[in-house]
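As annotated by TrEMBL, domain 'EMI' applies to 42-96. Per TrEMBL, domain 'FAS1' is recorded for 97-232, 236-367, 371-493, 497-627. Look at TrEMBL and you will find 1-23 tagged as signal peptide.
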C-alpha cells in the first residue's frame, strides 16, 4: 500500500511538472533559455543578444544563440540582471530581488523615466502611486525620442487631455503578466475602453499594438510595468477602412472591390496585408496587369497572395520564416536589420499600420503568384531562359500566353550544349516539349502515356529516386499557372523515333552490333513491343577484342546470343533512374549492377559512353567495352582474356539449361 501511495505521489508530481512545462508561455521559455545561458555569470543573470550597431536587445532562443544573428545581422552577447533582480556591489551575479515600489517609482528603475516625467505633467502620478491594480505598457525613453516632433509637440501642448489620454491608452485596469498576454487577445484600455491588441509569438516576442515588450514583467506594489519600444496609438478602424482612406492604395482598393474581398477585410480577424501601393501596380506591364484585373480568378489569387491569415507585426520577425498566404502558397517573411523583407527582398516601405482586425505593411512591388501567371510568365527570370527563348523562336508564343491547358517541359539552361540555333528539327523538338493537358507531377504514374503538341507519345517512368518523362527527369517543383503548368527537367527531351533496332541501324557507331544481332537471330526481339534496356557495345567495344576472339564469337550464334542477352536488361532504365547500387536483371545471367561516379554511369564497372538513346520499345546506352559478369575472378579474366570470360556465360547456359545459373549483373 505504501509503495502504491508513493507511486501515485510520483505520478502526480510528474504530471504537475509536465503541466507547468506545457503551460509555460513562449516568452517564459525564451527567458528560461537566457537564464541558463547566463548562469555561469552568477545567479539571476540572463544572456541577451544585442544587434551590433544598434540598441536592440533580445532574450535569446536556441536558434539565435547558435546562429549569433538576428534579422541577418551579427549580435554580441551581453549579460544583464533577469527581470526583478539587481546587482549588489562585490557579489557575483544579481542576487538581490528588486524592492517592490509603486508603478510611478518603478518607471524610473526600468528605463522609462520619460514616461514617468510625462505622467507628472499629465497629472497621472497620483493615480499610478495610489491604490489599484494596473498594467502599464510604458514606452522606453528611446521610444519617446523616436516619436515625430509634431506628434510629441501636440501631446505635450495639451497635457491635461491629449497626453493624459495617450498615457491612459497604455494602461489596463488590472494586473496582466506576460503569461496572461496571450496571442490574439485584447484588453480594454483606460482610455474610453479602446482595446489594446496583444500578440505573443512562438519565438518569445510579445507585442502590444505591434510595439515589442522589451522589459516585460516589472512588478510593482499596485500593478505591473511592461516596457515597450514605441509609443502606441488608439485604433478604431478595420484594415479595409484604412485602405479606403489612403490615396496611395487607390489601385489596391479598386482591385479588392473587383475581387469581392471587401466584406472579408471588414470582418473580425487577424490578417496581415502586404499592401501594394499605386507605384507597385504601375511597375507591372500593362498587358499583364490588365489581363489579371480582367480575370476574377487570377485577381483573387493575386490579392490573397498578399494576405496572411495571422497577424504578423514587424517586431515579431527575427529571421526568415515561410508563412502561408490565403492563396495557399507561402511567402518568406523575414528581416534585414531594420528592414522587413518578403522573399528576401526589402520591398516594405511602411510597417505596422494597425487596424482592429489586422495589420498592413506597405510594399512597393506587386507579388504575382504562379497561379495568376501564363506559361511565359512562369518561365520568366528562372533557370530555363534558353528553353523559353527557343519556345518563342519556334513560333509557340501564343501557346505560352494563351488559356490552353498545357504542360511545358522546360529543360534547364545547362541541358543545352553550346549555342543553339532554330532549325526545322529544333522547332519540332520544342513543340514536343509541350504536353496537351495541364498536369501535376504528383498525378503521374509509371507507364502513363502523354501526348505532345507535336503529336509525339511520351512515356512516364517512375523510379525510386526520380520521376522522368522519357530521358528527361523532373529537376524542380512544379510551377502551376492560371491555365498551364511548367515542369523543369534536367535534359532536353529526345522522343523515341523507332525501335531499338531502328536506333542501332541509324547510328554508324553500332554497325558491328547490328550484324551481331542479326547473326544471333535477335532482330525480332529488338523490334517487338516491350520495355528493354540495351547496354549496346559500340564498334570500339568489338574491335577491342583480338581478331581471334572476335571471329570465334561471331562464328558461334548461340554463344553470341548469350553475350548480347547479357547486355539486355528487363524493363526500361534511363540514366536519371540510376542511383547507387541499382540492379537490372539481364535476359541472360543473374544481374547487372549500376552506379554513378563523377556524373558517369557505370555498368559492371564499364562506363556508359552515351546514355538515353530512346526507342519505342526501350532505351539504348552506348558502351565502349564488352560487359563481363562481376562474379568471375579477376585472375581468370587476366589469364584467359575477355572472350573466355564471355564464353563462361554461354557455357553455363549450355551446361545447365537454366538462366538462374547465369551471372546477371551488368555493373
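In case you wondered, yes, glycine gets a Cβ from its N, Cα and C as well.
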The domain 'EMI' (42-96): mean pLDDT?
92
Tally of DSSP helical, extended and coil residues in the domain 'FAS1' (371-493):
35 helix, 30 strand, 58 coil
Helix, strand, coil: count each for the residues of the domain 'FAS1' (236-367), based on DSSP.
49 helix, 39 strand, 44 coil
